[in-house]
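Let me begin by presenting the structure, written as structure tokens, before commenting on it.
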Amino acid sequence: MSYAVKEVFYTLQGEGAQAGRAAVFCRFAGCNLWSGLERDRATARCRFCDTDFRGTDGAGGGYFVDAERLAAHIAACWPRDADPQAIPYVVCTGGEPALQLDAALIAALHAHGFEVGVESNGTLALPAGIDWVCISPKAGTELMVRRGDELKLVYPQPGAEPERYVGLAFEHRILQPLDDAERAAHTEAAAAHCLADPRWRLGIQMHKLVGLP
Ligand code: SF4
């Protein structure tokens, strides 16, 4: 299978339970909940997206004709002189990575020594073999992936209240304040929720604070 990739870059994971960890981000093009066009946002199933996932024109992006070529491209982004004890980590994100991520690519990344993480909206089944599954549910959608390592809920989301998800089989549960004009108020509300229900942790988008992509 071929893969349409918006961008590939090396950075620090800015969100969630792995925040601060060096990682190669592979941003797949396309999402099943929004076209990515502003004119469609008001009628999209997911309306608060802050990511450009259309096309393949970002830094390091492109079409890759097979899994090995994409895996080699990702591996080339990991620092060549990194200590071998540091396990290379790739975050497959999007857009919605489940539209393209498959067993062949996971195997090829593993062959390059990578631990494979995914950040998905959870509405599509994921292939087996992923090392870190992070699901970010969206209001009004049916969650297909109901277990994993990390549940990262953008808060607040009418129709996607934390109570709906707190019982699912995720090791970490994170409330991430919605990043809009009311972000300060959302952060306060998310912190209050975590204080009232310690099964949740507050998740801040660290990369935005430190100016990383
Ligand atoms: S599901 Fe994720 S990638 Fe898709 S539109 Fe929503 S926030 Fe953006």
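Glycine too: its Cβ is placed from the backbone N, Cα and C atoms.
Pulled from TrEMBL:
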BINDING   LEU12, GLN13, GLY14, ARG27, THR93, PRO213  substrate binding site
BINDING   CYS31, CYS46, CYS49  [4Fe-4S] cluster binding site
BINDING   PHE48, CYS49, ASP50, GLY95, SER136, PRO137, LYS138, GLN176, PRO177, LEU178, ASP179  S-adenosyl-L-methionine binding site
BINDING   THR51  Mg(2+) binding site
DOMAIN    44-143  domain 'Radical SAM core'
- Applying the rule Cβ within 8 Å of the centroid of the Cβ atoms of LEU12, GLN13, GLY14, ARG27, THR93, PRO213, what extra residues of the same chain belong around the substrate site? PHE9, THR11, GLU15, ALA23, PHE25, VAL91, HIS207, LEU212
- Using DSSP, tally how many residues of the domain 'Radical SAM core' (44-143) sit in helix, strand and coil. 21 helix, 18 strand, 61 coil
- Look at each of the binding-site residues, ARG27, SER136, PRO213, and point out the one with the fewest other Cβ atoms around it within 10 Å. PRO213
- Task: Give the distance between the Cα atoms of PRO177 (S-adenosyl-L-methionine binding site) and CYS49 ([4Fe-4S] cluster binding site), rounded to the nearest whole Å.
- Result: 13
- What is the separation, in Å, between the Cα atoms of GLY14 (substrate binding site) and ASP179 (S-adenosyl-L-methionine binding site)? 14
- Item | Other residues, Cβ within 8 Å of CYS31, CYS46, CYS49 Cβ centroid ([4Fe-4S] cluster site) | LEU33, TRP34, GLY36, ALA44, ARG45, ARG47, THR51, PHE53, GLY95, GLU96, ASN121, LYS138
- Query: When you look at PHE48, CYS49, ASP50, GLY95, SER136, PRO137, LYS138, GLN176, PRO177, LEU178, ASP179, which the record names as binding S-adenosyl-L-methionine, what is the longest CA to CA distance in angstrom?
  - Reply: 19
- Can you tell which of LEU12, CYS31, CYS46, CYS49 has the most other C-beta atoms within 10 Å, given these are the binding-site residues? CYS31
- Item | Binding residues LEU12, GLN13, GLY14, ARG27, THR93, PRO213 (substrate) - maximum C-alpha distance in whole Å | 14
- Task: Could you say whether, by DSSP, PRO177 (S-adenosyl-L-methionine binding site) belongs to a helix, a strand or a coil region?
- Result: strand
